[in-house]
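A short write-up of the structure that comes next.
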Amino acid sequence: MADVKISQTCAENRQLAATSSSSQSQGSYGCSRVRLAVRSKGTSPSPWRTTGPIKRAKGGWTPQEDEILTNAVKTYKGRCWKKIAEFFPDRSEVQCLHRWQKVLNPKLIKGPWTPEEDDKMIDLVAKYGPTKWSFIARSLPGRIGKQCRERWHNHLNPAIKKDAWTPEEEQKLIAAHKIHGNKWAEIAKVLPGRGQPTLTLQLMV
């Protein structure tokens, strides 16, 4: 009798294993194959994130992470950021997206602005206002919203003051720096018309 039960149990286990194997091959084979393709290009990527809360790493990106991210973006054609983020157990989708858009994207222009870009920026701000930077950046290939915002507020804004600093402004700058440290965006709120480069240089005088 015991032999019959053991035989039945073994048969059930084999059937369960076969069902599980069939399910995996039908439901996740394509995704697994993509993951393996990306991993094979890296140099020993981190374990996959599967369940549980996302841990957001606060440290800088390593060269290894950059390589894995670049390969993942190529594999998924820069569209499925949820899938791309699965290669990084301690990175969120937003972190991966920002790292690609602001640092790794080969189409990103990091050099000086051209007169043509400046003219176009002035026209776009006049049309859409000085707030919709991500939208404005779409009309400036190779530039991102942050670059557009900084270019406007630090160089192109006609409200920027270019005359000599007054003693009152210098006192405000010193006081604001004691409170905010090097948070120049906060300091600039106290000194309208003075761009970040001007604030930094004036503090060094």
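Note that Cβ sites are derived from N, Cα and C of the backbone, with glycine treated the same way.
Feature annotation from TrEMBL assigns domain 'Myb-like' to 53-104, 105-156, 157-194. What TrEMBL lists as domain 'HTH myb-type' is 58-104, 105-160, 161-194.
With DSSP classes pooled into helix, strand and coil, the tally for the domain 'Myb-like' (105-156) is 31 helix, 0 strand, 21 coil. Panel annotation: around the domain 'HTH myb-type' (161-194), residues 153, 200, 202-203 of the same chain, lying at least six beyond its termini, place a Cβ under 8 Å from a Cβ of the stretch. DSSP places the residues of the domain 'Myb-like' (53-104) in helix, strand and coil in these numbers: 31 helix, 0 strand, 21 coil. In terms of DSSP helix, strand and coil, the domain 'HTH myb-type' (161-194) has 21 helix, 0 strand, 13 coil.
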